[in-house]
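The feature domain 'Phage shock protein PspC N-terminal' is assigned by TrEMBL to B:26-81. Taken from TrEMBL, the feature domain 'Histidine kinase/HSP90-like ATPase' applies to B:343-429. Feature annotation from TrEMBL assigns region 'Disordered' to B:407-435. Per TrEMBL, transmembrane segment is recorded for B:57-80, B:114-133, B:139-157, B:177-201, B:207-227.
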Amino acid sequence: MTNGTTTEPVDRRVRVVLVDDHRMFRTGVQAEIGVTDRTGVEVVGEAADVDQAVTVITASRPEVVLLDVHLPGGGGAEVLRRCAGMLASTEAPIRFLALSVSDAAEDVIGVIRGGARGYVTKTITGSDLIDAIFRVRDGDAVFSPRLAGFVLDAFSSTAAPPVDEDLDRLTQREREVLRLIARGYAYKEIAKQLFISVKTVESHVSAVLRKLQLSNRHELTRWATARRLV
Amino acid sequence: MTGASTTQPRAGGAYAPAAPDPVPLRKLYRSAEGRMLGGVARGLAGHLGVPVSWVRLVFLALLMAQGMGALLYAVFWFVVPLGVGGVEARRPDEEVAPDGRRHLFARKPDRGQVFAFIALIVGAAIFLDRLHLGRANVYVWPLVLIGAGVALVWRQADNARRAHWVEVSRRKRVLPLARGAAGVLLVGAGVTGIVVLQGSAEHLGTVLQASLAVLVGIALLAGPSVVRMTQDLSAERTMRIRAQERAEVAAHVHDSVLHTLTLIQRNAEDSREVARLARAQERELRAWLYNPEGHGKDESDEPETLAEAVRANAAEVEDHHGVPLEVVVVGDCPLDERLRAQMQAAREAMVNAAKYGGEGGAVQVYAEVEGRTVFVSVRDRGPGFDPDAVPDDRMGVRESIIGRMQRNGGTARLRSVPDGGTEVELEMERAEETS
């Protein structure tokens, strides 16, 4: 995607906590993104299960948490639930980026509904991951193509329109943006394609995330139930 | 593996040699299939190797002789366990429902069974009417009541045993309970009738009280252990199911994952092959874990829907060319002629992308069904190329993709995308009826 972050000197910093129950994986991520001088990412803590994660996050107050979905002790959704207070805090919010090997719909929808700001799969490259971390830190949402596909599916496949239709439906533009994400475009490429700024793309994606968390709850639930996901 | 014995039904079916058993193990069972009352006649017939009707006739004849037949039948019913004796090899599709579960419960009482019951009742009534036992005559009706109650409860036991074969069936518990209660009631009424007839009616209250006290006492003594036993049984059953599940997972992991790992060890220096194997395995395991409906499905099955077709094509291309393809499908619809053509074009596009653009990373495949329009895009991040610069003799793109789409009434667009790479967009209207 953007190779810029790895080569040009960085003047920005982000404090990150890694939550994953596989030590090998944490080591790998650490090696990939943790060279602070080059990437700007500073790994301030690691955790292997839910309890540990809550402790570490509370103690180190990172800006971004890379969160695995499957964890001993209740999974990523449980961590999000217990950290709900810090998630909502206004002066120093902690943002969660789900990083999982699973791209099953129930996992994805579960952590997004729990309040994660993005979802990327473990096939992501190091530079893309760094990019995603900074974007999440800045308050934007990061979707993987697959997640975009799930969201499009969720919003389009329900036949009967709900009562608050206007509130729930994605706008034409948001739909377009999601579609391009699902087709594997990077945010920058989407901006070029649609002749809008990257900031606008990001705000569209954030709007989708907001709708996903707040207003579309019953529709998504129905969708998930119809597929026997919940 | 511990599960070996628990997966018995399936394994047994798979390993049992089909042909050489003209002389099956002759053990006397009452038959659960094709029976009229208790399945005694059917079971005996199977055991003796004679037609059922003969056995039934013999029983009838014996019935005429002072009710011997009925007594004999009752004894058999009581003593012989219920099994699957006496039935000629049934067609297996009859026995097993499409969802793989045995069909025993779904069975409705057939006409023969109802007829047999009616005949039995009428016969018994006539028999009783003609019975002249003098003073003992008055005891007949209470005895009949007791007999009916016992029969009711014993039929219940039959069913319970059958339920055992059918594994844990989620049935309503009301019916068996009601039957049991009715049986007890009948027996109780019969016994009371005898007591009353014996002329000790004035002691009836006392007797009832006493027997109630005894019953309560027995319940108090035996109750806990019975409850405990039931719990143990269901716990054991759960454990068995779990073990079976685990065995299945273990078997799958053994079949596919270990096998793949061995192959990978052997091909360790060929990184392309290793990547291919690992990806194929990942895909299979993912499908197995996350979509239960894809479970055990044959790979060679012709895909029925668009989503399946896209995934199957992508999987094949991925295997052949060793380039990862990320597939996202939104919506789904059944395949028709036009969509099949579109799938072929898409496949060609995937092959091209994997061949020429695979160095740039994963190839993105996106398919969407929106209303009647089906849209497929295939993009790679390779160097890209100029369609006009392709020599005329190279027919791949021009014929297989663009030409094919146009012949079937769709459109294909080829373009370079912003940061390098190529994208093929295929659009097609579905043939008929809307979803």
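The backbone N, Cα and C atoms fix where each Cβ goes, and this holds for glycine too.
A TrEMBL annotation is a machine prediction, not a hand-curated record.
Remark: secondary structure over the domain 'Phage shock protein PspC N-terminal' (B:26-81) totals 34 helix, 2 strand, 20 coil, with classes taken from DSSP.
Break the domain 'Histidine kinase/HSP90-like ATPase' (B:343-429) down by DSSP state and the numbers are 33 helix, 29 strand, 25 coil. Confidence across the domain 'Histidine kinase/HSP90-like ATPase' (B:343-429), taken as the mean pLDDT and rounded to a whole number, stands at 81.
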